[in-house]
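Below is one structure; the comments refer to it alone.
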Amino acid sequence: MIVLERRPQPSRNWALATPLVAVLATMVFGGLLFAVLGKNPVEAIRTIFWDPLFGEFAFYYRPQLLVKGAPLVLIAIGLSLGFKAGVWNIGAEGQYIMGALAGAGVGLAFYPLDAWYVFPLMVIGGALGGWAWAMIPAILKVRFGTNEILVSLMLVYVAEQLLASMSLGLMRNPEGHGFPGSRNLNDYAAATSWINQNAGLHWGVAAALIAVIFAYVLLNRHMLGFHIRLTGEAPRAARFAGVNPARLILFCLGISGALAGLAGLFEVAGPAGQVSIDFNIGYGFTAIIVAFLGRLHPLGILLAGGLMALTYIGGEIAQSQLGLPAAAIQVFQGMLLFFLLALDLLTHFRIRLRKREVA
Amino acid sequence: MDLSSINPVLLIASLMVAATPILLAAIGELVVEKAGVLNLGVEGMMITGAICGFAIAVETGSPWLGFGGAAIGGAALSLLFVLLTQVALANQVASGLALTLFGLGLSALLGQRYVGIKPPPTPRLDIPLLGDLPVVGPILFGHDLILYLGIALIAAVWAALKYSRAGLILRAVGESHDAAHALGYKVVRIRILAILFGGACAGLGGAYISLVRVPQWTEGMTAGVGWIALALVVFASWKPWRVLLGAYLFGGITVLQLNLQAAGVAIPVEYLAMSPYLITILVLVILSKDKSRAPASLGKIFHASH
């Protein structure tokens, strides 16, 4: 009979090993899935994980890794702080949209003024937009005790409708011949987030790296970070230690909203270029996987963001070259989260074989 | 604007149709939560049920086989949740999210060949005299069987939780799994059954969207109904009949805003379309005071150490 024995301390080795084992298991089962879909599994896995980095056209794909990875890391860093403290912000996608709308709104309002302060103001607008959207579930939770999971998620759908309304109405390009979508911010030099488009460098990449360092310092060297970790691991002890749960909720949701909003702004002012109905492609949800895959640790999230960006790019290549359906990549990413959660068992428990005892 | 084009009888009849998917998913989740498990994967199980039901109904030509397949599909996906939370003892919030993300991807994958196809029509109840009654006819007697099944399910869950021994055990497991375990009840086995039931109900609800309500298959067509169902369980403070009430309320809002869109009200379409979500939030706030009814072991991991 197999029994689970709780470890006195979570195993450090397994905590580090599970993401790797989960990735391997996902490759195996993902390969099986691709085989069922009638594709050569080895070729599909190679196309997804190898070609973007070392294939013939890697010079084109490598910069894309930064473009796709930056928003994922930026959002996931914010989410991980909340997840650590047991504050579940599931609505990053909505905060991402609102940040993009607010930031792009600032930029469009200044058009065509060419001044150095336009872009910084847009950044502030983006952060505030995401922050404000995340404050709704935060304040409702603190004030009324409503569930932040449900409220933040409902607000994603509200934000999507707002985005549709904005790109068809208020923010529509007046010179766009009636097509939906705003002016292209890439054509407006003072408002673009690109630093070097050929290298895939935009300010979001810089912001993501700063966020990783900031989160690392916060969690390891700052009292607030200690309170976040304490609240997640022992809420009762945290209260005795004088942690103010309301302030912690406001902080965690606020920071994750602001970071998601920033990610949205950098995306809309760079890679996406304009506010349009479907400029958001689910980074806010994928970032949840990134946060868990990175074990809610800043450096882990950096690596996980890179890996997830790789599956996005590799998935696109597999789509065009092998005809692999786009949804297959989504399933693949979902699978990864499954294996990760399941294998986490080994971190907290020992599996022992024991003879059935006589009752 | 022409409000007179809105027919109140048709409005109520279509309200009942709009409410049924939410109702089915919510009553399933209510049983799951009563057993002390928080499954946030309702949206994923619904969309999986939607495509399973749709595909089977199209392939076999029978909507009933479709609904059966949808229930099995939803339950099959919830089996993954069982493995994660009951066997691997993973965090229920994260596992539920994983289930939703996975279900959305899987359904899109399964549904590729079914975009733009019409499913076989689900027959309506056709009672000669009663169905022809002026107001009562279309409201009470003019629907399909699944809609009545949903209402019957509410009654059955209510009666089972209140009067049956099995219901009592289920509630005991949800209130205090340690006490239930000490009394010799198989906590994990009971929870697994509850989760599977929830999955089957969510699957049925999803199939109702793709086979009756819309009826068509599009990617991500559940559009948050699963999450509204989760909110509805809180709204109902874990009482079955209140699920019915809440589902009709939300169904009413959905149908009303669609009717207002069609009638050309001066409010932009996008603002009308976001109203069900905003009202869900509003209701959550209003009802947040009543916390006492949540099952005490909700979302807690059970691990029998001896």
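Glycine too: its Cβ is placed from the backbone N, Cα and C atoms.
Curation does not apply to TrEMBL; its annotations are automatic.
Here TrEMBL flags B:6-25, B:37-58, B:64-84, B:96-115, B:135-161, B:192-211, B:217-236, B:243-260, B:266-287 as transmembrane segment.
When each of B:64-84, B:96-115, B:192-211, B:266-287 is scored by its Cβ pairs under 8 Å to the transmembrane segment (B:135-161), the top-ranked stretch turns out to be B:192-211. Scored by C-beta pairs under 8 angstroms, the transmembrane segment (B:6-25) has its highest count with B:243-260, from the stretches B:64-84, B:96-115, B:192-211, B:243-260. Between the transmembrane segment (B:64-84) and the transmembrane segment (B:192-211) there are 3 or more Cβ pairs closer than 8 Å, counting only residues 6 or more apart in sequence, so the two stretches are in contact. Here the transmembrane segment (B:96-115) has Cβ contacts under 8 Å with residues 38-48, 50-52, 54-55, 58, 77-78, 80-81, 84, 217-220, 226 of the same chain, all six or more residues outside its ends.
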